[in-house]
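S.K.: What TrEMBL records for 7, 140 is Mg(2+) 1 binding site. The feature active site is assigned by TrEMBL to 7, 67, 140. Positions annotated as Mg(2+) 2 binding site by TrEMBL: 67.
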């Protein structure tokens with residue numbers, strides 16, 4: 001079973017593909033979908049959706065795990081990320097993926113045992129769980145990995 005973890009955004013979308021065999025997790029691929037920061041929102045959403053479709057077509061995940069975004073200090077940012085997340089969800093559902101959503105607190109709790117863990121603690125656990133030599137270069141990728149790990153460990157009987 002392959003799980004696609006996604007950290008939604010408008011200029012950078014982190015993603016991670018994990019293969020789950022029993023309790024074992026194997027990193028298949030991780031990266032970032034990047035858009036042009038000054039481009040219009042509709043163009044960014046199109047790029048995100050098209051690239052995500054490409055990733056799904058290549059790797060054939062059956063599950064999308066995504067961060068549940070519920071709070072932002074900046075309303076404009078919240079709206080943009082919500083629009084991008086909507087495009088991600090629509091793309092995944094159109095391609096037949098089952099969708100699971102997790103709050104940042106749930107992800108931190110699942111990985112570290114503490115819902116208020118900082119980025120470094122989450123990064124440390126991601127490196128350990130996936131047996132990585134170095135941490136990903138972007139927080140967005142680390143977050144996508146953390147979301148995918150949370151999903152893999154929280155769904156019973158994934159086979």
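Glycine is treated like the rest: Cβ placed from N, Cα and C.
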S.K.: Sorted by position, what residues of the same chain at least six away from residue 140 (Mg(2+) 1 binding site) have a C-beta under 8 A from it?
M.R.: 7, 9, 12, 13, 14, 32
S.K.: What residues, ordered by sequence, lie under 8 A Cβ-to-Cβ from the residue listed as 'Mg(2+) 2 binding site' and sit at least six positions away in the same chain?
M.R.: 6, 7, 8, 101, 102, 103, 104, 107, 143, 147
S.K.: Within 10 Å of the Cβ of residue 7 (Mg(2+) 1 binding site), how many other Cβ atoms are there?
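M.R.: For residue 7 (Mg(2+) 1 binding site), the count of other Cβ atoms within 10 Å is 26.
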